[in-house]
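Copied over from TrEMBL:
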DOMAIN    B:16-118  domain 'Thiamine pyrophosphate enzyme N-terminal TPP-binding'
DOMAIN    B:216-321  domain 'Thiamine pyrophosphate enzyme central'
DOMAIN    B:402-546  domain 'Thiamine pyrophosphate enzyme TPP-binding'
BINDING   B:ASP462, B:ASN489, B:GLY491  Mg(2+) binding site
2 protein chains.
Amino acid sequence: MSTYTEQHNVPPQIPLGKYLFHRLNQLNVTTIFGLPSEFNSPLLDQIYQIPSMRWCGNANELNASYAADGYSRIKRLSCLVTTFGVGEMSVLNGIAGSFSEHVAVLHVVGMPPSSAQLKKLLLHHTLGNSDYDIFHRLASDICVHTAVLKESDNICDVIDNCIVRCYNQQQPVYCGIPVNLAGHLVDSKSLDSPLHLMRGFNQPISDAVEELVDILLEKIYSAQHPVIVADGCASRHDCIEELTEIAQKTGFPLCCTPMGKGSFDEQSKRYVGVYMGSISSPQVREVVDFADFVLVAGALTADYATSSYHFCYKPKNIVLLFDKYAKVSGTKTYPDVRLKDVLQLLARCLDPTKLQYIQEEIPESSCLRVKPDANTPLRQEWMWARLSHWFRPGDVIVTEMGTSGLGVNQIKFPSGTKVVSQPLWGSLGYSVGACLGVLIAVQEESRGNRLKDNRIILFVGDGALQLTVQEISTIIKWGLAPYIFVINNQGYTIDRLLSRDTHHATADYYNIQPWNNLSIIPAFGGTNYDVRKVVKVGQLDQLLKDQRFSNQDILKMVEIILPSMDAPQALLENYVSSDIEHSTQPKRPKLA
Amino acid sequence: MSTYTEQHNVPPQIPLGKYLFHRLNQLNVTTIFGLPSEFNSPLLDQIYQIPSMRWCGNANELNASYAADGYSRIKRLSCLVTTFGVGEMSVLNGIAGSFSEHVAVLHVVGMPPSSAQLKKLLLHHTLGNSDYDIFHRLASDICVHTAVLKESDNICDVIDNCIVRCYNQQQPVYCGIPVNLAGHLVDSKSLDSPLHLMRGFNQPISDAVEELVDILLEKIYSAQHPVIVADGCASRHDCIEELTEIAQKTGFPLCCTPMGKGSFDEQSKRYVGVYMGSISSPQVREVVDFADFVLVAGALTADYATSSYHFCYKPKNIVLLFDKYAKVSGTKTYPDVRLKDVLQLLARCLDPTKLQYIQEEIPESSCLRVKPDANTPLRQEWMWARLSHWFRPGDVIVTEMGTSGLGVNQIKFPSGTKVVSQPLWGSLGYSVGACLGVLIAVQEESRGNRLKDNRIILFVGDGALQLTVQEISTIIKWGLAPYIFVINNQGYTIDRLLSRDTHHATADYYNIQPWNNLSIIPAFGGTNYDVRKVVKVGQLDQLLKDQRFSNQDILKMVEIILPSMDAPQALLENYVSSDIEHSTQPKRPKLA
């Protein structure tokens with residue numbers, strides 16, 4: 001079998017930039033996001049030297065970082081290139097989001113030449129105080145690893161280490177490359193040594209993993225009202241298969257958090273719904289809050305007892321499996337157990353005959369209510385119910401964390417449907433940039449037929465859209481064809497609802513300048529597209545029945561006009577701002 | 001005379017938020033920029049309680065920070081309100097720019113309730129690690145002062161201190177306010193004590209200032225080929241009057257840096273032009289590079305010997321007057337001398353009869369060349385020359401630091417024309433947000449008739465526009481009427497030029513998605529506007545002759561189509577990327 005360098009005709013010595021991009025190419029990261037500048041252009045040149053790779057080129061840096069985040073959520077790694085100072089400072093919000101939600105983004109920054117840095121010359125894009133290290137320092141708080149290349153480094157090792165840590169930890173890494181080093185020659189031979197990625201099962205099994213699995217088995221076997229909750233790290237750390245096997249072997253009820261949505265086949269008879277504390281559906285609350293054993297797989301956050309998801313189940317019999325450690329019943333911590341190892345061993349050892357658990361039927365959620373009259377103005381409750389029947393296997397749904405994020409969480413998806421959103425970090429406008437990244441990633445995956453005919457469907461509020469609208473221009477530039485549903489409720493409705501019990505709800509500051517949203521695509525140079533405005537129940541129903549509309553061929557934008565205080569029912573009923581501080585107990589503590 | 005609280009009917013106890021905004025109102029800061037959220041809405045409510053104040057509401061946070069920066073450049077202080085995490089992380093680039101260029105922006109961040117912070121509850125907009133202090137830490141590297149309010153603080157003092165330090169140092173300050181404290185009652189009495197602002201002349205005069213002025217007088221009296229160079233801090237620290245008096249008394253030739261543009265009356269016979277190192281005009285280089293005494297007033301940057309402005313005059317006889325210290329001849333440093341004090345004492349003591357300097361005539365710059373034929377495609381060289389005759393006293397010109405920034409620097413302005421740009425930090429897209437801030441500031445100033453009939457004229461490249469385009473929507477929302485000249489050279493021309501000596505110049509990554517720029521205003525809901533496209537010399541000439549066009553009444557956008565490698569002549573001739581590392585000496589060392 002020929003080596004990578006033989007297959008790709010790589011000469012023995014190659015510029016550092018080319019080495020970096022070949023390494024990314026090996027991991028199937030073939031589109032690079034960001035903006036060009038004099039400090040990164042010699043790097044960008046190298047992208048064009050590798051036939052399978054492309055430079056995306058974004059409208060602004062923050063959007064580029066959202067795009068890189070979205071791409072990585074599909075492909076498990078992405079790369080973002082910015083410039084020193086102004087460029088890298090503009091992406092900090094995006095990188096912090098990737099850090100918060102465990103998304104692997106390699107952030108490469110083109111820096112001034114090492115000579116200028118050493119002499120502390122005053123350059124533009126500096127703070128005027130000759131402090132070249134400040135931006136690197138800022139990045140180190142929101143990255144799992146940072147490096148700035150020096151000529152004296154073993155450069156291949158430094159680059160490999162950046163990529164490996166980013167991939168294995170599924171969090172951002174910062175890599176600064178002085179512009180004069182971009183062309184620095186390195187031995188390409190290293191490309192033939194595989195990177196030390198933690199992809200499969202670690203052998204040999206550690207004692208800690210074995211001990212933890214024994215404890216888990218004991219708890220699983222004795223549980224009478226158990227539930228498995230999948231959180232964000234389950235999918236981020238590639239454990240869906242193992243989790244599915246455990247779910248099948250146990251027959252336990254299955255829930256996920258908003259970050260874990262997409263971790264289970266929601267058509268499974270054991271799937272209950274999304275657990276969101278007090279705004280969960282009654283079925284979900286009953287199952288989770290009164291379970292005698294909760295297994296949280298892929299736990300993401302440090303503190304679950306009281307969180308933004310309002311988790312209020314008793315901590316006494318919870319096992320939290322984090323990406324690389326675990327917490328048992330709120331007391332014992334296992335510091336060095338990798339999620340995938342634990343789940344894989346657990347799945348292998350689980351003997352269904354030992355279960356005490358007796359399966360009860362999971363009640364169907366009462367989703368699609370009676371269809372309102374065709375002339376009724378549209379509201380979110382029916383809209384999401386109707387959309388749930390329009391979604392199909394393979395769809396990737398990208399949402400803001402406004403009302404649409406909640407809407408998506410209250411409906412069941414067809415098998416194999418993915419969601420991309422930002423439930424924990426929750427940066428307004430994220431979805432537009434992320435949608436671009438998802439589109440490109442899915443386009444690349446479908447070349448290998450793994451994700452053929454996938455529709456990418458964006459839901460974004462009119463308020464959120466204003467933050468990042470120009471990334472639609474990049475979607476147009478690349479001829480991509482998502483559905484963009486603009487949920488027009490005349491401003492920042494999610495904030496109005498969070499302030500609902502106060503006079504803030506109608507405050508002027510939650511209004512926005514009204515746009516002609518359907519004129520945006522042509523203004524950004526789009527020529528092949530389809531735009532619609534939907535106001536009434538019948539219009540949406542007709543549109544979603546239309547087979548031509550339902551096939552993803554060209555860029556489609558649908559503006560949906562909704563009342564300014566409308567939201568999915570769960571949100572309207574339960575979410576008041578006092579919930580921020582403490583979660584409430586469900587009213588009917590009915591043990592199933 | 002009645003007190004402030006009497007005049008404004010302020011009750012004895014008022015919410016903290018109201019206190020903050022009354023303090024800003026006292027300093028004539030009456031529009032607040034930013035985006036709303038559940039964590040800052042109780043603060044925003046207080047803005048509406050003060051009749052003279054308004055909440056601007058921006059399209060996104062980065063743009064809001066640019067707007068606050070632009071507003072402060074007119075009014076010497078501004079206030080930006082964002083939300084915890086996602087909001088504040090999005091403005092770091094803007095705040096860093098204000099820090100770098102000495103612009104006073106008070107950044108107020110609405111934070112989660114103190115109780116949640118103390119208990120380290122997990123909230124959205126966190127990194128998931130219960131570290132609430134991280135964003136505050138990040139801000140502290142790019143602010144001159146930071147504070148997070150605690151209930152136990154003497155809150156009025158903390159707020160006063162934030163405002164005073166921001167104003168006096170003319171750099172950003174960070175002030176975090178937990179949402180539960182926004183309504184915390186404080187004594188309004190403090191509002192009647194004036195803030196300790198360093199506005200006028202400090203009395204008594206310190207020994208250090210006297211010593212420095214003596215040295216300056218000696219150097220001024222003996223100089224034979226002197227020059228005064230005004231840099232950014234001259235205008236930022238309110239020293240234009242003093243500087244003008246010194247210039248008049250000495251008759252020395254006057255230059256400014258790009259950051260100092262607008263510091264001198266450019267119609268003065270002693271004004272030479274903008275010093276930009278190797279890309280300065282020959283007249284300017286001769287005067288500056290061969291001076292036997294250079295007085296840099298309002299020096300901004302730590303290292304002038306070799307800088308992005310390519311200063312190459314000999315450091316042996318330079319006096320650099322920074323905002324609060326001075327450097328004489330590259331050796332002696334005066335650590336505690338305030339710019340305004342030095343200049344005021346110098347102006348007062350200067351005796352013109354003691355000057356050895358004999359005035360030579362300043363050569364006219366050869367700006368307006370022969371007008372090309374009306375059918376000639378437009379190029380920047382003639383465009384800027386033509387525009388220089390269209391500008392009129394009172395205009396405020398806002399530019400990107402791309403080719404338009406250079407274009408503006410090569411022409412002489414009418415008396416009383418201001419420039420707002422970001423020559424040192426140089427963040428692409430800055431000008432659109434800054435333009436909004438300038439518009440609002442000038443609108444407010446003109447109510448007092450100080451700046452009546454001022455036209456606000458924005459020059460932005462097509463590439464830069466894409467980064468921040470949505471802030472045009474806020475301009476429309478407030479019915480503001482700038483001129484927006486979109487310099488359409490099909491991509492990032494400044495970067496192409498910086499890469500001109502390499503193959504990068506034609507690189508694909510410097511291209512952008514072509515927009516229908518003239519459709520942007522209606523897409524953002526604009527109804528009362530005027531848009532034009534200009535391709536040829538005659539079209540621009542006709543347009544600028546049109547009296548109706550020249551009167552600022554409604555929002556006007558002019559798209560100017562230019563060749564993709566076109567730029568002002570000085571840039572085409574001189575600026576190559578190797579200049580980043582070392583400045584070159586002028587070829588003809590002719591001592592005047």
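Placement of Cβ uses the backbone N, Cα and C atoms for every residue, glycine included.
According to DSSP, B:ASP462 (Mg(2+) binding site) sits within a helical segment. Using a 10 Å Cβ-Cβ cutoff, B:ASP462 (Mg(2+) binding site) registers 24 neighbours. Under 8 Å, Cβ to Cβ, and six or more positions away along its own chain, B:GLY491 (Mg(2+) binding site) finds B:ASP462, B:GLY463, B:TYR510, B:ASN511, B:ILE512, B:SER564. Close to B:ASN489 (Mg(2+) binding site) in the fold, though at least 6 residues off in sequence, lie B:THR403, B:GLY461, B:ASP462, B:LEU562, B:PRO563, B:SER564, B:MET565, B:ASP566, each with a CB less than 8 Å from its CB. For the domain 'Thiamine pyrophosphate enzyme N-terminal TPP-binding' (B:16-118), the DSSP-based tally of helix, strand and coil residues reads 52 helix, 19 strand, 32 coil.
Here the domain 'Thiamine pyrophosphate enzyme N-terminal TPP-binding' (B:16-118) returns a mean pLDDT of 95 for the predicted model. Helix, strand and coil residue tallies for the domain 'Thiamine pyrophosphate enzyme TPP-binding' (B:402-546), in that order: 68 helix, 22 strand, 55 coil [DSSP]. The residues near the Mg(2+) site, meaning same-chain residues not in B:ASP462, B:ASN489, B:GLY491 whose C-beta sits within 8 angstroms of the mean position of the site's C-beta atoms, are B:GLY461, B:GLY463, B:ILE487, B:ASN488, B:GLN490, B:TYR492, B:THR493, B:ILE512, B:LEU562, B:SER564, in sequence order.
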